[in-house]
Amino acid sequence: MVSAYGLLDNLTRVVVGPTVGGYVDRHERMPGCKLMLRLQNCCIGGSAAAALALLWPGSPALTNSALYWPLIWVLTVLGAASSAGSTGVQIAVEREAVKALCGDDAGALASTNATMRAIDLTALLLAPLAAGVLMTAAGPFAAAAAMSAYCCLAYIPEVLLLGAAFRAAPALMRPKATSAAAAAAADAESERVGLLAADQQQQHRSKAGSSGRLSRTASIQQPLMLSRASSAGSALAPQLSSRRSGGDGDNEGGQADTDVHGGADCGGESDGLLLPGGGGSASQPGPGQEQQQQLPTSTRPSIQRSGSARSLDLHIPEQAAAGAAGGRGLQGRRGAVGGGGGGGGASVASRARALLAAAGGAVAEYGDSWRVYVQQPLLLPCLALALIYMTVLSLGFLMTSFLKWTGLTEAEVSVYRGIGALTGLAATVLFPPLSKWAGLRFCAAAGITYQLACLAAGVVPVALTIMSHGGGKPSVGQVRVMVGGLVSSRTGLWMYDLAVTQLIQQGVAEDHMGAVYGVQSSLQATFEMLSFVAGLLSPDPAHFHWLMLGSVCSVGTAACLVWVYVCSAPRQQQRGQMGARSGGGGGGGQVGSSAAAGTKGAGTAGGTATVVADAVGGTQYQAVPAGDDV
């Protein structure tokens with residue numbers, strides 16, 4: 001079950017990491033942090049409650065397999081699911097909030113990142129120690145009860161402290177981006193309006209009688225034909241006009257046409273059901289209407305929302321086509337399904353279609369996060385950071401088993417584990433002054449090179465000894481030298497981690513930072529799972545040296561990627577500066593004009609990462625961050 005828990009924990013991060021990162025990007029910091037903290041604490045608390053049921057003195061679950069195994073799986077699955085909340089908290093609090101708090105002050109950002117990492121490493125050191133002491137002194141049941149109570153009670157002070165921090169720092173209270181707020185509000189409003197439209201349409205048809213059957217048939221066929229026409233692009237308008245000329249009223253047809261075209265023009269961020277109905281207002285917005293649509297829907301006047309809801313009862317087929325032609329199209333399809341049947345069957349079908357649409361949206365969001373990750377300018381160092389996790393050269397259960405096989409005691413291994421935590425904390429002390437003096441790229445290259453040197457110096461002699469003796473045990477002295485290399489390498493590991501973290505914070509756009517960190521977490525979990533699989537495929541300690549050599553090769557590959565990035569950065573900086581000079585000097589005006597023209601734009605004069613929108617609403621990253629400050 002320990003192996004199953006490890007695999008499920010990493011699999012959860014692989015599956016939900018990009019989705020969690022996208023959610024953090026679309027929502028403001030405080031609501032996102034609260035939700036992730038709630039998810040994390042609820043999952044851990046539920047897992048601890050299942051452990052309480054198993055460890056209760058005289059529990060029937062211990063003798064009844066029908067209770068035992070379900071509780072075991074509840075414990076395991078909820079414990080693994082807590083990784084989703086943990087990933088979200090890490091992205092929202094330790095990455096985005098820190099960047100918003102420090103702004104463009106690289107020194108303050110380095111110091112704050114180091115402090116946050118020091119807190120994490122200290123907790124990772126003390127938490128297992130406290131759990132072990134509690135289990136030894138009071139027993140497993142008391143330890144599980146304490147953990148369950150802690151998770152239930154910790155949420156309140158966490159939220160209170162988080163709120164106090166947000167109130168104390170006005171920078172954290174500012175909206176992240178208008179697009180993020182608008183997207184979140186559009187999701188909520190689409191859900192509300194879509195359900196309201198389906199309910200009103202069902203009531204209207206229940207009163208219509210036999211004549212209503214004809215309207216139901218038309219409402220089914222029309223959205224289907226319109227959705228096919230929307231996929232054909234320019235063929236949509238002729239089909240709609242020919243269809244309306246056959247029997248619909250001129251006034252209603254004209255309004256519906258403008259609604260459909262308005263929904264199609266809005267691209268991926270709009271939904272036809274969110275547009276105010278009637279009068280063709282979608283195709284010809286009045287002064288200030290475009291700005292109003294960018295605001296969260298909760299701030300729109302209630303009278304306008306009521307008018308939009310009333311218009312939905314008259315134009316459900318047209319609004320459904322507008323939703324299908326737009327980028328999201330979820331609620332448009334939901335309205336079409338609501339018109340497909342009467343009574344409870346239509347409601348069930350609408351909900352089923354909505355669930356399928358939501359699942360499709362989650363898959364699309366997953367793909368969008370990966371697209372953003374691949375296009376971001378720090379791909380090589382991020383891949384290198386993920387490769388570091390494909391290693392058995394940490395004092396986990398695989399390495400602990402090997403060390404005990406060579407003759408070391410459990411107590412000695414625990415001491416080495418504590419020393420490793422202290423060497424990791426040393427990186428948090430060295431990183432701020434070193435990054436200020438030499439720059440982030442130097443810290444990244446120096447950290448991973450130092451890690452590779454320490455690992456190679458400790459692993460290669462032990463591996464050669466085992467191979468020369470035909471699988472025999474190395475001497476205890478050689479093993480201790482190897483462990484010394486492992487412990488020393490933690491300084492380089494966390495130095496590199498801190499450098500990449502700040503490079504992402506300074507080089508990736510704010511509204512894409514969550515997606516990048518979410519995919520990064522997913523990649524790291526994937527490579528960590530591969531190390532577990534390698535351990536399962538080679539359980540013999542006499543063959544463990546092959547896994548250690550493979551881990552050294554993985555870290556060596558990561559170091560090569562980092563050095564390629566460091567050596568290619570000056571050339572990319574020069575190209576960015578040449579592009580800025582040829583465009584008449586970089587800056588916000590040039591970026592804005594490039595985005596308006598739908599081009600990829602030139603880099604800024606400082607060589608910083610430039611994000612511009614292309615013609616289809618995508619995102620392109622221009623210059624790789626340049627200069628030692630990035």
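Cβ atoms here come from the backbone N, Cα and C positions, even for glycine.
Residues or ranges marked as compositional bias 'Polar residues' in TrEMBL: 199-217, 299-309. As annotated by TrEMBL, compositional bias 'Gly residues' applies to 264-281, 324-343, 581-591. Among the features that TrEMBL reports, compositional bias 'Low complexity' is placed at 282-298. What TrEMBL lists as region 'Disordered' is 195-217, 231-343, 576-605. The transmembrane segment annotation in TrEMBL covers 35-56, 68-89, 121-141, 147-166, 378-403, 415-435, 442-467, 544-566.
Residues of the same chain lying 6 or more positions beyond the ends of the transmembrane segment (442-467) and with a Cβ under 8 Å from any Cβ of it are 381, 384, 388, 393, 427, 431, 434-435, 473-475, 478-479, 481-486, 488-489, 491-500, 503, 542, 545-546, 548-549, 551-552, 555-556, 558-559, 562-563, 566, 628.
The stretch from 35-56, 121-141, 378-403, 415-435 with the most CB pairs below 8 A to the transmembrane segment (544-566) is 378-403.
Looking at 35-56, 378-403, 415-435, the range that has the most CB pairs within less than 8 A of the transmembrane segment (121-141) turns out to be 415-435.
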